[in-house]
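Trainee: The structure is given below, and queries will be raised subsequently.
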Amino acid sequence: MKLSEQWLREWVNPPVDTEKLTAQLTMAGLEVDSVKPAARTLEKVVVGEVIAREKHPDADRLSVCRVDVGEDEPLEIVCGAPNVRTGLKVAVVLVGGVVGDLKVKKTKLRGVVSNGMICSEREMGLSEQHEGIMELPADAPIGKNIQEYLTLDDYILDIELTPNRGDCASVRGIAREVGAINRLPIKGPNLVTVSATINDVFPVEVKAEKACPRYIGRVIRGVDSHSQTPLWICERLRRSGLRTIHPVVDVMNYVMLELGQPLHAFDLSRLVEGIEVRFAKADEKITLIDETEIALTERMLVIADKSRPQALAGIMGGANSAVNEKTEAIFLESAYFSPGEIALTARHYDMQTDSSYRFERGVDFKLQTLAMERATELLIQITGGSPGPLIEVCSETHLPKIPRIILRPERIKRLLGIEINEDEVSKLLELLGMRVVKEKNNWVVTVPSHRFDIKEEADLIEELAHLYGYDRIPQLRMEGEYTIAPFSETQLSSARLRCLMTDRGYHEAVTYSFVNDELQTLLNPEVTSIALSNPLTAEMNVMRTSLWPGLIQVLKYNQARQTHRIRLFEIGMCFNAAGNEWQQVTKLGGLVAGDAHSLQWAEKGRRVDFYDVKGDLSALFTLTRTEAHFRFAEGHHPALHPGQSAALYYKDQCIGYLGALHPELVDQLELTAAPFLFEMELNAIKTSILPKYHPLSKFPSIRRDIAIVVDRDVPVGNIEEEIKSTAGQLLIITQVFDIYESGKHIEFGKKSVALGLTFQDPSRTLIDGEVKQIIERVLAALERKFNAKLRA
């Protein structure tokens with residue numbers, strides 16, 4: 001944000017120079033990116049009036065001008081600007097004068113002597129405007145030093161605001177900070193309430209109260225659109241990086257820079273029946289004041305009349321109702337819009353205006369009436385006109401709530417390492433406009449409406465620190481007790497899990513904890529998301545409940561760049577709402593897409609399948625040395641393909657899911673192929689058991705193969721569990737080596753499962769009879785539970 005130092009000092013004028021002032025702002029967290037003079041070096045530059053203009057006798061593009069600069073005789077000056085004309089007030093550099101690095105001398109141009117130079121804004125360092133010479137107001141005093149006339153003994157401060165300090169996007173906001181730092185009150189203009197002189201009102205209906213909790217309007221008739229914007233407003237706009245457009249628009253911009261409240265003016269004659277603040281309808285379009293036509297979606301907030309959208313709320317007005325030189329009646333708008341709604345629209349259309357810049361960061365929700373009165377006052381002074389009464393529509397329930405925060409002295413000492421006198425704490429906070437009440441040993445602080453970045457105790461302590469002065473905080477040796485956390489050999493570290501995943505060809509991803517609500521709901525409509533009150537962007541408006549939204553976004557990013565074989569994993573926190581509480585759960589998730597292996601000459605390529613990913617998870621479970629307690633079972637997740645998914649269980653607890661992304665979601669997300677996803681609670685796989693020594697058996701093992709026929713829908717995992725529980729400790733290995741579902745000798749709806757069972761006793765040699773008895777018990781158990789038949 002750019003602003004004039006002179007303008008700032010009208011609000012608060014601390015006894016410090018420019019260098020000290022910028023240092024104070026930077027230490028307060030408002031980093032001053034640059035400090036530049038308001039103009040280049042100017043010597044012997046005065047106001048002049050062109051009293052005669054003739055065409056140069058030997059050059060079509062040059063003019064010979066006689067210019068009155070307040071001396072005995074007019075000067076003859078050769079000028080090449082297309083806008084030079086008789087009666088124009090201009091900036092003239094006299095012979096011997098200096099503009100920047102240029103010293104002006106008497107010169108002969110195509111045979112005509114030029115006794116000076118008429119300047120453009122660019123030559124004087126005022127702006128990049130160079131199409132013609134600078135045109136001064138008609139009442140500019142001839143012979144007046146231009147530096148004094150334009151008050152150019154000034155500096156332009158360019159302040160880099162962080163997203164949380166939207167309250168400082170105005171001269172008033174910066175003045176509040178400077179005043180607090182220097183213990184000075186701020187002055188500013190005398191803001192008055194303008195009485196209505198006509199009874200004209202224009203109907204306003206707010207249909208989107210959550211997106212626009214407060215809307216104030218006013219009709220002003222009899223506006224003179226040909227009036228001249230005062231030079232002091234023009235200069236302040238220029239030094240803030242804005243150009244003059246129209247007296248009404250200039251006043252809107254000036255009040256925005258002064259107070260921080262964006263305003264908009266509609267040509268009242270172009271509005272039909274009334275104002276509606278609503279979301280756009282399907283297939284609606286709007287042509288903006290920059291002549292850009294955009295197609296609106298139903299998520300976009302607009303200001304409309306009864307016929308069409310007339311403005312993109314909080315961002316830019318429409319061309320249809322823009323004020324122009326024929327405008328005689330206007331409807332002024334001063335509103336509070338939800339930061340998230342404005343951010344959503346601005347990001348969607350890749351637009352950032354001075355208005356959206358402020359609304360996205362947050363505007364004081366109590367400022368709208370004040371800004372309306374200030375704009376009305378200036379408009380009547382400059383353009384004339386008769387104002388009507390204020391029209392206000394407000395939904396108090398949807399306005400931001402002002403927090404009351406308890407501040408504890410012990411917390412101040414813990415965070416800053418010092419004790420601050422109780423009276424000083426109260427005074428410092430009151431300098432920031434806060435209401436402070438002492439209750440017992442604590443302070444109860446009510447935050448002003450413009451400080452929407454202060455939400456908790458730590459925020460107050462941060463404000464105390466920069467007002468108290470970081471240079472007053474002594475350097476102390478850190479003291480404290482550090483207890484070494486006990487290390488358990490049964491705890492698997494996250495680093496070990498990461499190593500295994502990378503060993504199996506995965507790349508670790510780190511995605512944002514903030515995700516898009518629409519994508520998260522698409523993947524799991526049953527989940528309740530935690531909404532952010534002030535999201536960084538409209539696409540990151542809720543806390544994630546799963547790692548999958550972030551991983552899918554990474555997949556889309558890579559597929560758009562022709563990378564199709566992707567193996568990703570992530571370990572991160574997820575946040576689940578549970579009533580009025582919320583829970584943090586650390587999860588391990590992954591995504592696999594594309595070919596199972598990199599292309600090679602010795603093996604034909606194939607797509608990754610369910611069992612590839614299942615094998616990776618089985619390897620992960622093996623790390624715990626309790627892999628027998630993990631199982632893959634039937635389970636439903638709305639994001640996964642019902643025929644290619646499974647629930648992950650540890651003992652009897654569901655810890656996650658694995659499967660292919662649902663085909664409908666693949667289409668909606670415009671993915672090239674369905675990826676496989678998995679996710680589980682990290683704590684379920686972080687506990688291992690200590691290995692115990694078991695000597696290898698000296699005695700031979702016996703393997704018996706069996707093939708049973710069961711119903712097709714019987715899970716093989718259930719069969720394995722039943723075999724293990726029935727066979728006892730002599731069974732050391734169970735291996736499925738064949739599944740046959742169709743063909744000769746197999747009934748429809750049945751399948752054949754072949755298993756290899758290996759038996760061994762560590763203390764003796766088993767005999768066939770013992771193994772035969774175990775096999776018979778196993779077959780009997782399988783028949784009872786699954787109606788399994790031994791295949792002939």
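Glycine is no exception: its Cβ is also placed from the backbone N, Cα and C atoms.
Straight from Swiss-Prot, here's the annotation block:
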type	residues	note
DOMAIN	39-147	domain 'tRNA-binding'
DOMAIN	400-475	domain 'B5'
BINDING	D453, D459, E462, E463	Mg(2+) binding site
DOMAIN	697-791	domain 'FDX-ACB'
Trainee: DSSP on the domain 'B5' (400-475): how many residues come out helix, how many strand, how many coil?
Mentor: 33 helix, 14 strand, 29 coil
Trainee: On the DSSP side of things, how many residues of the domain 'FDX-ACB' (697-791) fall into helix, strand and coil, could you say?
Mentor: 31 helix, 32 strand, 32 coil
Trainee: Considering the binding-site residues D459, E462, E463, which residue's Cβ sits among the greatest number of other Cβ atoms within 10 Å?
Mentor: E463
Trainee: Neighbourhood of the Mg(2+) site (D453, D459, E462, E463): other residues with Cβ within 8 Å of the Cβ centroid, in order?
Mentor: R451, I454, A458, L460, I461
Trainee: Measure the Cβ-based neighbour count of D453 (Mg(2+) binding site), defined as the other Cβ atoms within 10 Å of its Cβ.
Mentor: 19
Trainee: Would you report the average pLDDT that the model assigns to the domain 'FDX-ACB' (697-791)?
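Mentor: On average, pLDDT over the domain 'FDX-ACB' (697-791) sits at 91.
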